[in-house]
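S.K.: Could you have a look at this structure, given as structure tokens, before my questions?
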Amino acid sequence: MSTHGDHGTEEYQHSSASRELLILYATETGTAQETADRIARECRRVHFHCRVQSMDAYPPETLISEHLVIFVVSTTGWGAEPRAMSSLWNMLLRSDLPNDLFEDMDFCVFGLGDTAYEKFCWPAKKLSRRMQSLGGYEICSRGEGDEQHRMGVDGALDPWIEYLLEVLIQLYPLPHEQDNIPAGRPPPRVSLSNVGSDTSLNPDPLDEDTKFHTASVKCNKRITAEDWFQDVRHFEFSFEDDIKYNPGDVAVIHPSAPASEVDSFLVTMGWANVADNFFTVEHTMLDQTLPDHLPKFVSLRILFTRYLNFNAVPRRSFFQLLRYFAVDELEREKLDEFVSIEGADEMYDYCQRVKRTIWEVLSEFRSARIPREYVFDLFPPLRPREFSIASSIEFHPREIHLCVAIVRYRTKLKIHRKGVCTSYLSGLKLGDTLRIGLRKGFISLPTDPNTPVVCVGPGTGIAPMRAVIEQRIHKGHTNTTLYFGCRSAHKDQHYHTEWESHAEERKLRYRVACSRDGPEGVKRTYVQDLMKEDAQYIWTMLGQQQGILIISGSSNKMPTAVREAVRGAVERFGGRSNAEAVEYVAAMEREGRLIEECWS
């Protein structure tokens with residue numbers, strides 16, 4: 001690994017007193033947050049005082065005052081930055097920023113991604129280049145964690161952290177009387193104090209968050225056939241607040257774990273008798289994060305119902321900490337094997353491959369006695385889930401609609417699994433209330449009514465497309481095309497009566513690919529196949545009329561295949577060479593005429 005620039009280490013040393021470090025993370029699933037916490041713990045060993053913050057909670061305008069920053073950035077969809085990064089990234093892209101803006105800043109970047117996707121760690125790469133172009137000094141080469149590695153992101157993170165610590169000690173030498181803190185059991189990030197049963201509890205912080213609004217359940221209806229393997233629901237929520245959102249925006253929902261599962265888990269842990277005792281939580285290790293909206297007074301039952309996830313698949317860091325609490329010698333030996341480099345494959349087979357949960361692991365490592373103070377260190381936060389809004393506020397004032405696939409599957413161990421948040425949603429009754437937040441999405445619609453919009457949204461990818469179509473119909477725009485993909489016209493063609501009605505009224509052009517309805521042995525038809533059939537029309541809409549293409553859905557092979565269909569149309573009917581067609585599609589993306597809202 002190398003640093004950039006011509007600075008020598010001696011010339012570039014800093015005062016040993018300047019040992020403040022900011023770690024900014026942007027995450028979708030929580031991995032970047034966990035990685036940021038891990039980096040902060042390791043930097044503590046060389047006596048750095050770290051602040052760890054999510055990018056969306058950090059004021060972008062204050063970045064200029066920082067002298068040492070580590071960015072930890074995940075990758076979403078087709079190489080897009082996480083939503084939490086958008087505000088900071090948009091600020092950094094401003095054309096009026098001087099090229100010496102961050103000349104007094106040292107920084108480095110660790111990206112998280114998956115080499116199964118073409119634009120591996122793309123946001124981290126772009127951020128690294130942009131910070132350098134604005135004068136920042138990259139103290140060590142960008143790290144890139146790969147989910148495909150047999151050790152997961154740790155395969156790249158472990159050596160990157162060791163190199164980072166070497167660089168930090170060179171640039172920020174330790175005072176002579178201080179040595180590195182040896183690795184060992186880290187102190188808990190909180191201290192807990194029992195409170196009396198007569199203590200008056202504080203209001204729920206989520207109720208006081210002005211970014212969230214109280215919603216009432218108006219509709220919870222299955223829209224796939226009753227005999228279909230997948231349960232997809234249409235939800236409608238009504239609000240007293242005059243909420244505002246745009247097509248492409250997302251609803252943020254904090255789930256609750258089922259009471260029966262929480263009860264059983266607390267019994268497994270031996271905490272059933274103290275589950276309802278209240279205590280205060282004092283955040284003592286400020287370089288480690290805590291769950292959002294955590295109240296001052298809480299009990300173990302409340303923690304594992306709303307704030308900590310005991311059904312998550314544990315990462316390697318979980319086993320590294322658990323080994324300190326196992327008292328059985330054989331169990332400790334097995335945990336030592338799991339966290340060793342040689343045991344990486346065995347840990348993967350035991351845990352990730354079969355999706356074994358933390359609860360199931362603790363049921364097998366029964367000698368582990370976890371102190372209450374360490375629950376925030378061992379259990380990841382029960383994160384809020386984000387769902388693309390499936391309605392236009394113009395069509396449905398003070399309402400939010402969602403289209404959600406209820407997650408249920410069987411693991412390789414034949415154990416039934418349920419998604420925490422989708423199970424929570426599926427159990428909501430009419431009239432139930434919950435808090436829903438709003439977050440800006442990536443879709444930006446054209447203001448010119450003559451600009452066509454082509455929507456590609458198979459499966460539940462239809463959600464933001466429904467919002468787009470409703471908004472455009474409300475504004476009187478009729479040059480909208482929808483390519484929808486499903487398996488069966490009669491089983492899972494979501495909202496088909498709406499699309500057929502709009503098409504009949506010439507407000508929408510509707511094309512549907514039902515991949516499993518064809519005769520046995522005949523090639524299946526997908527959305528990209530319809531687009532290839534419509535190549536001349538695609539060129540007219542996206543080439544001659546400079547329209548916008550929006551792709552939404554699972555970030556598997558579909559987005560790549562759709563782009564390939566567009567490139568083919570540009571070649572055949574736009575008169576471009578293959579290389580020129582590739583560049584044309586890339587230019588569409590740069591110009592904001594190709595928008596992707598995909599998830600893995």
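In case you wondered, yes, glycine gets a Cβ from its N, Cα and C as well.
Straight from TrEMBL, here's the annotation block:
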DOMAIN    21-165  domain 'Flavodoxin-like'
BINDING   Thr27, Glu28, Thr29, Gly30, Thr31, Ala32, Ser74, Thr75, Thr76, Gly77, Glu147  FMN binding site
REGION    179-207  region 'Disordered'
COMPBIAS  191-202  compositional bias 'Polar residues'
DOMAIN    210-446  domain 'FAD-binding FR-type'
BINDING   Arg385, Glu386, Phe387, Ser388, Gly419, Val420, Cys421, Thr422, Trp599  FAD binding site
BINDING   Thr460, Ser515, Arg516, Arg524, Thr525, Tyr526, Val527, Gln528  NADP(+) binding site
S.K.: Below 8 Å Cβ to Cβ and six or more residues apart, same chain only. Which residues does that give for Thr31 (FMN binding site)?
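M.R.: Thr31 (FMN binding site) has long-range Cβ partners Ser74, Leu112, Val153, Arg315.
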S.K.: Among Thr460, Ser515, Arg516, Arg524, Thr525, Tyr526, Val527, Gln528, the annotated NADP(+) contacts, find the widest CA pair distance and round it to a whole Å.
M.R.: 19
S.K.: Compared by Cα position, which of the binding-site residues Thr29, Glu147, Phe387 is the closest one to Tyr526 (NADP(+) binding site)?
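M.R.: Considering only the listed binding-site residues, the nearest one is Phe387.
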S.K.: Counting Cβ atoms within 10 Å of each candidate's own Cβ, which of the binding-site residues Arg385, Arg516, Arg524 comes out highest?
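M.R.: Answer by Cβ density within 10 Å: Arg385.
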S.K.: Cβ under 8 Å, sequence separation of at least 6 from the ends of the compositional bias 'Polar residues' (191-202): give me the contacting residues as numbers and ranges.
M.R.: 277-282, 284, 295-297, 372-373
S.K.: Nearest of the binding-site residues to Thr76 (FMN binding site) by CA-CA distance, picking from Phe387, Gly419, Ser515, Gln528?
M.R.: Phe387
S.K.: If you measure from the Cα of Trp599 (FAD binding site), which of the binding-site residues Thr27, Arg516, Gln528 is the nearest?
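M.R.: Of the binding-site residues Thr27, Arg516, Gln528, Thr27 has its Cα closest to that of Trp599 (FAD binding site).
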S.K.: Summarise the domain 'Flavodoxin-like' (21-165) by DSSP state, stating how many residues are helix, strand and coil.
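M.R.: DSSP composition of the domain 'Flavodoxin-like' (21-165): 57 helix, 34 strand, 54 coil.
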S.K.: Near the Cβ of Cys421 (FAD binding site), how many other Cβ atoms are there if near means within 10 Å?
M.R.: 22
S.K.: Under the DSSP assignment, what numbers of helix, strand and coil residues are found in the region 'Disordered' (179-207)?
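M.R.: For the region 'Disordered' (179-207), the helix, strand and coil counts are 3 helix, 5 strand, 21 coil.
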S.K.: Name the residue among the binding-site residues Thr27, Ser74, Thr525, Gln528 whose Cβ has the smallest number of other Cβ atoms within 10 Å.
M.R.: Thr525
S.K.: If I take the alpha carbons of Arg385 (FAD binding site) and Arg524 (NADP(+) binding site), what is the distance between them in whole Å?
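M.R.: Computed Cα spacing between Arg385 (FAD binding site) and Arg524 (NADP(+) binding site) is 33 Å.
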